[in-house]
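J.: Have a look at this one before I ask anything.
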């Protein structure tokens, strides 16, 4: 019996489908079938009176209609004329135009699309308002309880003064060069793209760079530029943005902080700055309208989105959530509106409540669950693209009986049984490499999980019955907790200290939180192994595994973001009289300065791995340990390996390459080799390009020439390895394993040093970019102002020279994708981006470093994390 195979059915069904399509009526046929009266009427109107032409023009199917025409205009039924006229055709009609009479056809009018209306923010009633009697009032102090912070500077010699002023003038020139490029190519926009001479919108499109740079211009004496920018600010409307959501953290520190800082430094001469700050503050205040009053970090601000009740995210960044305090507190001081302070005070209270029930008691993980345990909806809500922060009312969840049963029995607290320890008993990371803790002792929860825990230092109680059960901040269960002073945590710890300073010590809460936290944060610091054994520290991270013992492991990488730590500890040492922290701050700041100096470009990358020392008091350089760290798990002296080659001396970098007239005392700051090596044979001695970094791969970086000296290790002679196999071309791939097998472990390690351009002591550059960041110079500036040590001026000047050398463009300054290269490299690149903090922070700190100590004195001002100075002492 004949049977059809599956593949034989395909052409048969295709043939049947084509027959069906062939016999379907065409659109013209359909119109003739379903609109015969309209067709006949339209044809007959060509020979009617002009009024009939007008009627045809209004109903013609040829008129272009917009979507709004279909939605808004009702359909008018077509009435058949009572006495239709017969059309008389011309005898000489040879074309369609002659047939219908083109001269009698009505003129077609094209309808222009209506411009889209702008949707503006408007103030709505809160879903979860705080009763007026429960608003936390702004504390005030009769007199400052903060001791003197800045050093008493000795009389300055004329030669030193002229040198300092010359350096400050160079910083001002760099700012003016950057501002000129922004003014010409990106005026009123968020960021300048310095390579393409265009702009980008990243922060609401309100002119982030312009607002961010206001107080810097005032401090530098650029009053003309300041007032020109102020004219733009007067017309700025924060109630509208082309973006559907607002990044709350960035908007707060750049815009709100920038407006308040400019208002303070200009001695309150321009009321428009405070008016705009209040307008923006009222918009951002909506992020706190959640059941547990925890902030929404990405705010959907439009009216049709605000009307929907919202909860905070279940994965909220500690830094973004905790770095709102300084700006809203200063706004409350200037306006007298205590609600601004109440909003951020509730965040502090909840963080304080969980400080000792985290997996590393005394600190907080970089990510927390701020949702209040409100149930997300089963499907999309409204027109939101990301509806996960919306919650469902109890009655909509069909869970009423279950919730009532839980309330009767009592819900077990999510505060798991953890070890209750005081900060003084914490394991000090500076005393060892690991901080593994024993299994914690069970403790009894002090509050149920269905209630927000009461604070320990401020009056506060739950308010207005929520539609879901609000819970406190909690660590995210079943996830590795990261404890760091770097990204996602950094500025929160900074604000604990600075809130104490801004409030002039009116409350002890922030001082106690900062002091207890820093005792635990010592666990994060380690001494890196470097040539010449410098007495420095860097800040790393600790990961905690969610097992029964909360097993901890050290992460030996550090980041540029964490370089603010040295300045913070020095400031805290003076403001809170913490003995020993000033020396810690000095070592941490010197650590970042050292990482600037060892890089080929003279600038520290975003993130890199180092080798922690076993002894914090003495850490001699061990080259073999460094090479071993490059090849973990490989025995460098394996008997199966080839003889070890002649040991080379690694390059020692003494600073960035300088052009003539660039300043400084060093005549030649290029790489120096006492004795190099050539691990690979062939015609050339070209090095390798890193394949470790995604940024470098995106930039398509290639090889660079280096000096070389031959080794005694036997290597294959039949192929030019450096010419054919060391380029990490994505299409060619890495060198063949057959060749790698012929290299000794020592040779493989040195090959990795060359191809990744690793300075001595660095094992891996995780992120080689330099984004014009300010954290390192911020700490250098604070150390100088606190100690009065002139050596910090020289260190800062060298950093500035290196930055200008690599980042300057013809219109401004640009980010660097790879700090392991130098401008002399043929593959040198710059990124088409200039962050607003280059003008707001980096150049401001450089300028203040070389200014008189009385300019923005630390005894009178406190900086937010975007370097906007707020006046101490209330209003």
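We count from 1, first residue shown onward.
Cβ from N, Cα, C; glycine included.
TrEMBL lists 250, 606 with the feature active site, proton donor. According to TrEMBL, the feature active site maps to 490, 775. If you look up TrEMBL, you'll see 865 marked as Ca(2+) binding site. Annotation source TrEMBL lists disulfide bond at 563-592. Annotated region 'Disordered' per TrEMBL: 418-440, 635-671, 696-741, in sequence order.
Help me see these features in their spatial surroundings.
T.: Just so you know, the Cβ of residue 490 (active site) picks up 25 other Cβ atoms within 10 Å once every protein chain is counted.
In the structure as shown, the Cβ atom of residue 606 (active site, proton donor) sits within 10 Å of 19 other Cβ atoms.
Over all protein chains present, the Cβ of residue 775 (active site) has 25 other Cβ atoms lying within 10 Å.
Within 10 Å of the C-beta atom of residue 865 (Ca(2+) binding site) sit 26 other C-beta atoms, taking all shown protein chains into account.
A simple way to gauge crowding: the CB of residue 563 (disulfide bond) has 30 other CB atoms within 10 angstroms, across all the protein chains here.
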J.: Give the distance between the Cα atoms of residue 563 (disulfide bond) and residue 865 (Ca(2+) binding site), rounded to the nearest whole Å.
T.: 13
J.: Reported as an integer number of Å, what is the Cα distance between residue 775 (active site) and residue 592 (disulfide bond)?
T.: 9
J.: Spatially, and counting Cα to Cα, which of the recorded positions is closest to residue 250 (active site, proton donor)? Options: 592, 606, 865.
T.: 865
J.: Rounded to the nearest Å, what's the C-alpha distance separating residue 490 (active site) and residue 592 (disulfide bond)? Just drop the number here, would you?
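T.: With the alpha carbons as reference points, the distance is 16 Å.
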J.: Between the Cα atoms of residue 606 (active site, proton donor) and residue 592 (disulfide bond), what distance do you get, rounded to the nearest Å?
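T.: Approximately 11 Å lies between the Cα of residue 606 (active site, proton donor) and that of residue 592 (disulfide bond).
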J.: Check each residue in the chain of residue 592 (disulfide bond) that is at least six apart in sequence and keep those whose C-beta is under 8 Å from its C-beta; list them in sequence order.
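T.: In sequence order, the residues whose Cβ lies under 8 Å from that of residue 592 (disulfide bond) (at least 6 apart) are 538, 560, 563, 566, 604, 775, 776, 779.
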J.: I'd like the number of other C-beta atoms within 10 A of the C-beta of residue 250 (active site, proton donor), please.
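T.: I get 17 for this one.
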